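According to TrEMBL, the protein carries these features:
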type	residues	note
ACT_SITE	313	active site, proton acceptor
BINDING	30, 102, 130, 177, 344, 385, 410	phosphoenolpyruvate binding site
BINDING	30, 31, 35, 175, 176, 177, 203, 313, 340	3-phosphoshikimate binding site
DOMAIN	21-419	domain 'Enolpyruvate transferase'
Ligand SMILES: O=C(O)C1=C[C@@H](OP(=O)(O)O)[C@@H](O)[C@H](O)C1
Ligand SMILES: C=C(OP(=O)(O)O)C(=O)O
């Protein structure tokens with residue numbers, strides 16, 4: 001078994017010798033970066049995006065927008081992207097490969113209905129297994145013609161003609177990304193956009209991120225309505241990723257250490273910042289500032305019962321933290337995460353059990369009984385969040401290793417290097 005390389009077949013996370021005490025700089029938000037890239041590509045003129053996330057999911061978006069005709073120039077070292085907006089009337093039939101990225105694909109599909117040529121949208125087998133049905137139905141209601149070339153409601157999908165916009169119904173309980181993608185494309189539809197929710201909504205804070213980024217590029221979305229209009233090029237700075245930060249807040253909580261994440265605080269529109277509220281309920285001490293958050297772990301964490309429907313990317317992090325508590329934890333409201341990179345409920349419960357722990361699946365979530373994990377090589381299911389979450393068990397217990405650590409490249413290529421900075 002190899003150590004110290006995130007591209008090795010498996011990676012052992014060694015226990016911390018001392019509780020961490022320090023400040024962490026996590027990379028830019030995936031959700032904000034991809035929205036800013038989209039707005040910049042739809043805006044006439046030149047935008048500059050700063051502190052962007054450079055990872056597989058954002059490269060997927062940069063490549064997609066280049067295919068749209070935008071000029072996208074990434075300075076990887078400076079983490080800056082210059083974007084010159086695309087002329088959507090200059091047609092041409094294009095193919096977009098969204099890799100593993102749900103966000104990229106669900107943001108690109110509605111934008112493709114603004115183009116004059118056809119767009120073939122596809123992704124990895126993992127992405128082909130994820131749902132697109134509700135977004136397809138809404139786009140058809142908005143006047144676009146689309147062909148499902150694979151399984152019904154799934155990629156690959158070909159966009160054949162443009163949307164005129166207007167009213168559409170949409171479900172909110174499968175993925176908020178469908179709505180974000182429609183809102184982003186909304187101002188450039190001739191009739192604008194007026195969406196009506198047909199179910200309750202999950203991952204709601206991501207819609208706030210969408211509206212905030214749109215506003216920074218000169219377009220205002222009111223609720224689920226957008227009037228016809230144009231984006232304006234902008235100079236835009238991306239804040240750190242709150243989901244990525246959850247692993248470091250979790251590390252402080254489980255070790256009784258103290259970790260500050262710089263650049264992320266009460267001023268953030270990212271819902272996943274509220275992961276620290278969950279840690280607080282478990283007994284951690286949280287200091288909140290406008291653009292900085294500090295978590296200090298307690299002598300002993302306690303289990304909680306929590307609904308995570310709006311912050312589900314941190315549910316696996318919480319599952320790992322729950323192992324360190326002194327009473328069970330129950331997570332609710334997240335049945336829809338079975339449709340993410342993997343069935344995340346099934347995967348996290350299977351892996352905790354593989355380590356000899358007691359965990360249980362429920363239709364809407366999972367429960368975890370605290371304990372001592374046995375030495376184990378965890379499967380990671382080609383899911384970056386499985387790897388990053390289960391790494392937290394390695395910080396406190398010996399013999400914890402992860403298969404395919406390189407899967408973190410989806411959103412956080414330097415994750416293991418940054419985790420080592422806690423040592
Ligand atoms: O819009 C976004 O940027 C995202 C929305 C969430 O997805 P769902 O709305 O499918 O829950 C989240 O899980 C994903 O990582 C990013
Ligand atoms: C679900 C995720 O990503 P996406 O939907 O963008 O593939 C994630 O990052 O946890």
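For all residues, glycine too, the Cβ spot is worked out from N, Cα and C.
Features recorded in TrEMBL, as mapped to the structure shown.
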residue : record                           : contacts (Cβ under 8 Å, 6+ apart)
35      : 3-phosphoshikimate binding site  : 107, 180, 184, 209, 210, 213, 214
102     : phosphoenolpyruvate binding site : 127, 130, 175, 177, 340, 341
176     : 3-phosphoshikimate binding site  : 201, 202, 203, 204, 206, 207
313     : active site, proton acceptor     : 243, 246, 272, 385
344     : phosphoenolpyruvate binding site : 315, 316, 334, 337, 338, 383, 385, 386
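For residue 410 (phosphoenolpyruvate binding site), the count of additional Cβ atoms within 10 Å of its Cβ stands at 22 [all protein chains shown]. In the vicinity of ligand 1, defined as a Cβ distance under 6 Å, the following of the binding-site residues 176, 344, 385 are placed: 176. Candidate recorded positions: 102, 130, 313, 410. Those with a Cβ under 6 Å from ligand 2, in sequence order, are 102, 313. The most densely surrounded of the binding-site residues 30, 340, 385, judged by C-beta neighbours within 10 angstroms, is 385.
The domain 'Enolpyruvate transferase' (21-419) scores a mean pLDDT of 98 in the predicted structure. Under the three-state DSSP scheme, residue 340 (3-phosphoshikimate binding site) falls in the coil class. Taking each of the binding-site residues 130, 177 in turn and counting other Cβ atoms within 10 Å of its Cβ gives the largest count for 177. Residues 30, 31, 35, 175, 176, 177, 203, 313, 340, recorded as binding 3-phosphoshikimate, reach a greatest CA to CA spacing of 19 Å.
Around the Cβ of residue 203 (3-phosphoshikimate binding site), the number of neighbouring Cβ atoms within 10 Å comes to 25.
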